[in-house]
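Q: Starting off with a structure, shown below.
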Amino acid sequence: IGMVVECKDGYLVGNDGCKYSCFTRPGTYCANECSRVKGKDGYCYAWMACYCYSMPNWVKTWDRATNRCGRGK
């Protein structure tokens, strides 16, 4: 019996709709944050935002089409 697990890659977003900033964070910050949401791994992309791999589909990720960062709630 096989099991299909849906997962995705992407930028983590906070409640404000903005990407998780990692500019002034320690090197392990993004990997830890990605792990916290059950992602496989993560890194600080260009020292600006956390990018995660193999996260469950329920995790909110940044999308240009639905970006609401800086636009209020």
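Note: Cβ is positioned from N, Cα and C throughout, glycine not excepted.
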Q: Please work out, from what Swiss-Prot records, which of C18, C50, C52 forms the disulfide with C34.
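A: So the cysteine that Swiss-Prot bonds to C34 would be C52.
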Q: Pick from C18, C50: which cysteine does Swiss-Prot list as forming a disulfide with C30?
A: C50
Q: Identify which of C18, C22 is listed by Swiss-Prot as the disulfide partner of C69.
A: C18
Q: Can you figure out which of C30, C50, C52 (the disulfide-bonded residues) comes closest in space to C69 (disulfide bond), comparing Cα atoms?
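A: With Cα distances computed to C69 (disulfide bond), the winner among C30, C50, C52 is C50.
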Q: Of C34, C52, R71, which recorded positions come within 10 Å of C22 (disulfide bond), going by C-alpha to C-alpha distance?
A: none
Q: From the recorded positions C18, C44, C50, R71, pick the residue whose C-alpha lies nearest to the C-alpha of C34 (disulfide bond).
A: C50
